[in-house]
């Protein structure tokens, strides 16, 4: 019995707790209720839980703080929710080696703050950083604003401790920046959405806080013009730390006064020793294309310029239930993608709000659904489907950083192709032969 | 019959060709001779070869231009060598999307040169770049000088086309910078040393050529002082494009006049818009520690300063057969590693020459063996073994960038631990159930 082998406060079966652990920020709610919630406090709890689940063939749904946008943590009938948010200790923070060893429940922004005390930072900064956990970030290979320059979560994960489906503990990677002994299990587990193993600790690369930062905000007459301008920056060989696009409808939702300034906003940040000269180069590129360009080296003003981007999702959530797409396209196709999304929106009569990590070609078209409708109208599904098809047609992907979860499953085979899809399933079977880890997700 | 299904010029069975394809730059030569060499010109040749080999259970040893240093391409009794060096076309070079699609036999430096015509470059630059192939670079996840700032080969691979052991073609990854659909098969195949699939094309990220470069060369009284100085740069938060350490014995081998200038050389390059100010910061850090510091913004002079590093291996090859180790340690342990390597060298009476990618903590201790001895004396094996043990004791790895091949196989289990090693074998079995792909390597 699991209850007997776990410390007394770990296994929760009251209906209120169970219901609170059945979904994530996507709002996806499968049929039926999980059996129980295990609130893990240490690796041993995870081992014990998986051993029992493996023996009994019970599905296990690992979760952090439930900020996922694709239903990766949605837990249905007969499953066991494995909540890792209580494993929240920073085990080590080495300024000497510029790395941290953390448990999976550590809040992303909290690690960044702790690193800051040593002049370092944790580069990946998903929009959910204030609430999301490192474990969830690794499970989805989360992106964020800064990954334009510093890469996605995978690029900051040096090594992992994880528990396999049968309760075996594996350690992957290392404490060094480089290393090629064996297959790259660290990268394999990163982004596997809890389907291959449960992460119980991570060795993460920290980076020096840049010596300088310069931020620009430019308004444009059209969203396409803003997309073209962001591509001009890439094309000119400047690598900004972030380049965020916000369209007119999002500006309107955040603050009508912002919408009055233009039909689209592009915020660009350059950092490092060359920040000022890079920002000057960016300004020269933007000025002929934009209606206004504002530049600042002041961090507080920079945060104010970025606020329109950061407030996008909370503002849209006030309007209804946001269905957040996450396509990425080759950067040269960004403006084309923007035009096509607008046409899809018009064709189906579905309002689409768009923000984008422009330097990565990663677009978030957001369909806001009236919650009074209960479910998702057919037109919403059709528009979403056409947006996915558009991404693939342009040589892109269904998901740049949020993961497949349950929401995008039906499209996965089309993107991967049958052979790669089959290889993925073989790997899944090799690591989790009974299929207990987050079944029905990712693949 | 393979001979019947391949175009006439592909299958080579003359003894001279076979002997020329049995080893790599490590000089490792297994017992016996391969059956034949397939010189592939297109993906179809690889498919046909693997289908036959799979059916008959014949081991296949894929190879590029044979510059590997770990015996990864060593081919023994009864195997089929699959030579991919003839698949050497750059299929696409998109300045718009800053990527190239290439066949595996493209020479690394050749791609970099082609990218240069568009103001771009292929960042990974293993010391063998003038001869090594992209396919070999991907198979070993090769590093190089610039990976201090731009990452290893994996960080530049966006996607792959590969042929599985049974002849099935898979496509992994994408043309976008970001993407998280499915498991990261691109990273799994990168560094798998030809044991999981044969790469037939790669989509590679190109990056803008930096707008400026500044180079410094500093001489020191001791190698430890140079190692400490390089760590001071990391510790100060400066991210150089490269930081190369060369010890006194190597300087002596390259040019006795260099050895007269100091007991160790550190060459540091900063690039990008902040290059000059970063180089100034580096100079301020080095000046109190070094005997001389020279700084230049001139590319020709920079190449001259780097020449001592680039000439290290050819110079040592004049002295005998170099056995090149490739350990990496956490950067804070670099000076300690250097001291310990010196002690190991003295204890066994084995001269060790050391160069290092200092910013990565990646050391290449090189034992030069007198070819007149025929094989490797016991003292050499013992010293090499102690160097591996040292790397693991310091929290490091057996191989930073060269791969395991056959030379480091006996140490792999110790670094990975039994659980991770077992997971790797399960993945190998899932993808290559008959074990025909480069058996006896990597794991």
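For all residues, glycine too, the Cβ spot is worked out from N, Cα and C.
Caution: TrEMBL annotation is automatic and unverified by curators.
What you are looking at is a predicted structure, and each value in this text was computed from that prediction instead of being measured.
Feature annotation from TrEMBL assigns compositional bias 'Basic and acidic residues' to B:1-12, B:22-32. As annotated by TrEMBL, region 'Disordered' applies to B:1-33. Residues or ranges marked as domain 'FAD-binding PCMH-type' by TrEMBL: B:30-209.
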Query = When the compositional bias 'Basic and acidic residues' (B:1-12) is classified with DSSP, how many of its residues are helical, how many are strand and how many are coil?
reply = 4 helix, 2 strand, 6 coil
Message = Across the domain 'FAD-binding PCMH-type' (B:30-209), what does the mean pLDDT come to, as a whole number?
response = 96
Message = Same chain only, please: residues at least 6 beyond the ends of the compositional bias 'Basic and acidic residues' (B:1-12) with a C-beta under 8 Å from a C-beta of the stretch. Say none if there are none.
response = 18, 36-41, 45, 48-49, 52-53
Message = Let's see if you can do this one: DSSP helix, strand and coil counts over the compositional bias 'Basic and acidic residues' (B:22-32), in that order.
response = 0 helix, 0 strand, 11 coil
